[in-house]
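Quick look at what TrEMBL lists:
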- A:98-298: domain 'ABC transmembrane type-1' (DOMAIN)
- A:31-50: transmembrane segment (TRANSMEM)
- A:100-128: transmembrane segment (TRANSMEM)
- A:140-159: transmembrane segment (TRANSMEM)
- A:165-183: transmembrane segment (TRANSMEM)
- A:221-242: transmembrane segment (TRANSMEM)
- A:277-298: transmembrane segment (TRANSMEM)
Amino acid sequence: MTTQVSTTTRWARFRDSYLLYSFKRTWSAQLCLAIFLCLVLAAFMAPWLAPTNPYDLRQIDILDSELPPFWIEGAVEHYTLGTDAQGRDLLSIILYGTRVSLVIGFGAVILQAILGVTFGLLAGYLGGRVDAILMRLADIQLSFSTLMVAIVVGAVVKATLGSSFYSQYAVLMLILIIGLAEWPQYARTVRASVLAEKSKEYVDAARVMGLGSRRIMFRHVLPNTLSPVFVISTVQIANAIISEAALSFLGLGMPETHPSLGSLIKSGFDYIQSGSWWITLIPGAVLVVLVLVINLLGDWLRDVMNPRLYKG
Amino acid sequence: MTHVANAPAVAATETASFGKEASTQALLEIRELTKRFSLSGDFLEQLRFKGGRLVRHQEHVHAINGVSLDIQRGEALCVVGESGCGKSTVARIVMGLLTPSSGEIRYDGKRIDHLTPRQLLPYRKRMQMIFQNPYASLNPRMTIQQTLEEPLRLHHPNWEREQVRDKVTEVMTSVGIDPDWGKRFGHEFSGGQRQRIAIARALAVDPEFIVADEPISALDVSIQAQVLNLLMDAQQQHHLTYLFITHDLAVVEHFGTRVAVMYLGTVCEVAPTATLFASPRHPYTQALMSAIPRLEDDRPQHIRLSGEVPTPVNLPSGCVFHARCPYANERCRREVPALIAQGDGTRVACHGVEEGRL
Amino acid sequence: MSLLEVSDLDVRFALRQGEVRALRNVSFSLDRGERLGIVGESGAGKSVAAFSLLNLIASPGFIAGGSIRFDGQELTGLSDRALRKVRGNRISMIFQDPMMTLNPVLSIGEQMIECLKAHRRISHREARAIALHKLQQVQIPSPETRLDQYPHELSGGMRQRIIIAIALLLDPDIIIADEPTTALDVTIQAEIMALLLELCEKHNVGLILITHDLGVVSQVTQRMLVMYAGRVIEQGPTREIINDPQHPYTQGLMNALPQMATPGERLNQIPGSMPSLSNLPSGCAFHPRCGFVNDANGQPRRACLEQVPDFVDSGNCRVACHMVAEMLEEEQRLAKEETS
């Protein structure tokens, strides 16, 4: 007899799970999650937390430009982290910028996941020609770098709809570009685990029962392929944030008036030589910390969920 | 025990009807079934450069080569053989999980091997399958209740919620699983309990025919007995017909009404169980039976077969067993033996038996 | 003194639910050239017992107590370096899955030669000659060509023969075989078992055979242990246990075999299943499934429910069962009454 205590509710199952157990024992994961949550909270509460609204041109005074952070001489008291070249409060604009970066990162990953999981599921389960076509499509997609897709899409949109349109919908554009560029990662991961699951007997049992392909795919196979999807999602979010930063740094992403962390780094880059290093380095540090904690969390999650490392 | 009582009668009708086109009583008829699996991949991968010319080169695994079997109502036909003999492939083709390369499957007189999934749906209710690995045959993300309700919802769309629940409770009780455990997931159960749940899933739609593909070989000895008993009880209660795939001859002797011995994708001998165990005719059957480790005192007197099972990619000519058979002669190497009925309900595919040299 | 003497071996696994005792008070011995079978269902601890002999249990498992004496030398607490001299050299192992032992990227010859050279100071040519000789001993057709083949080019039965050749390579004193034929077909299994038996007899090698198959044990071994939930519950000469099992579990295991029932009749099943090691019943771990737990008055025996049974000698066998102990006492009492 398996004489386990009856675990009925979802919460009780979570409480007994290895995930929580391991989390309680991994201080690095706890620290990373704490930092990550702080950053996310701070970013999304930017309108309340930030001392000024950087999007509001009336609050900006060009005479306040390039003021240093508080620990350097010459700092002005209410600009804690100093100001940028346009006189915007650096703390405020970093908070708003982090929010933009996170929105793009999560949005792009959701798009990637929807596309990738669907295509991967279809390719893996149906096999044959569908598999061949979808996977070749993925190969073609992967052979274009995100940058190239961004340049092409950006150029096309700017040429047809005008650059003001592009600036207005820059967040959506970036989500679309990064989402489209990286879906093959998901498709490949999901396809591989669908192939493994498909050969298991519960799928045969469902077929013998007479269930249709669609129900088997979405009700039986899909839920069992989600662990690797979660694991790569963390890495993909970090990647998407980095991609966005890179695109913005190259001037292909967010406009200066509505900066993300990447465009902040770019805007400050010209002033490093003139001694105003903080305009670049502080947003840079925030970006590094954000991406690092996400990656570390991803590593931990992968270790926990990898059935080869933990057999339970 | 009904199926034991039936056994001689069934065997008699079987012998009597053999030779006619498709006996009317058989619940399931398998006719000249073959199955090849391609090893060569898609069209582009099949192209080879040979002697300056582009040729299409294809390689196949010949999993089944002309298998014909009848399963009578109420009997348990056991198919035995070693790994790679095609016994599981037969089971999977019968259940429509694979499509045959050629041949026919008839269920209750009607051909079912070329039906679409929708046309097959009524048969799904009548024939069910039990799988080998209880650790893989239950969806890990579904509770037992969900697993058991699913087939009922599909096949009885107009049933009330209570009706479905009552039926689930009924099948769970009948396989000895406490219905209160329905909210649990498969991994919270032991292997034997999981196999009981898998049996409950098959029984939920009240089938008349069950294909069991090595249902007890992944279980411990004491649990094997429990599950075997459960299968026999279910047979009695629901008047089931079994196609039972196994490699364990001791189980066959206990469970089977008739036995079909397979080797390399062909049937070498079909016989009523008692007859087969009393006097195995085919040299392969003899070797197989002598290899069972017995509890008795004496050292094994097993017939040593030379060599190993040939690959099913390049089938040997003639009798597939000739390379390992101690009695093989020139004819065995040339000519494929046919299953020939003997007097006692046995059918043997062996030139030696036919010629009377064995 | 025996070649191998295991006494009160206690193995535990430190899991997050707490410590789980995988083996408790396991004691047995093996003489030179003797063949011992360890029988039990999955989870009984038979593989753990075998692995712990060479301290091969992986973390979180560890040997918590007891001693393993091999040829007068204590193996528990030995450094890994010192153990390696014993492992493979004087005690070798055969696993269920040949691919666990064979490295897929090295040829059979390379693996055998490497193994020889790791333990002996011999030249490549000598090592190759020994390897060839061992392959001939396991009756592999055309051994010369096999040396240069890779594991994936061979069939399952052939691979298991290679494994046996590797196990014999350094002329060990003991071979531990963990379910060596479970993955093989019956005809191949019979051949491999016959070969193993023949080689052990010929070279006077001791064999510890771990299996769930009572048939195999009865054919091959001289003595056997039956394990249940981490304990040895019965041990003695194989023949005697097979012919007349004393412990209710051994009896149940034997009676559950399809051979033991009339064809078509229900099998004599043991109800329930083996308890998990982290949640053992009190007293005798078998009592919830035991058909003999009640005494003459129809009441459950208190000892069975509360007290872990000690071994009692019953003929040449040793059995850990309160019911058997009671019966033996009764017999002795009657015998005493008769004499007085």
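Each residue, glycine too, has its Cβ placed from N, Cα and C.
Just so it is clear, the model here is predicted, and its values are computed rather than measured.
Touching of the transmembrane segment (A:140-159) and the transmembrane segment (A:165-183) is concluded from the presence of at least three CB pairs under 8 A, sequence neighbours closer than 6 excluded.
In summary, the transmembrane segment (A:31-50) does not lie against the transmembrane segment (A:165-183): fewer than three C-beta pairs, each 6 or more positions apart in sequence, are under 8 Å. Count of Cβ pairs under 8 Å against the transmembrane segment (A:221-242): among A:100-128, A:165-183, A:277-298, the largest is for A:100-128.
Among residues of the same chain six or more beyond the transmembrane segment (A:277-298), those with a C-beta under 8 A of the stretch's C-beta atoms are 28-29, 32-33, 35-36, 39, 66, 68-69, 81-82, 84-85, 90, 94, 97-98, 101-102, 231, 234-235, 237-238, 241-242, 245, 261-262, 264-265, 267-269, 271.
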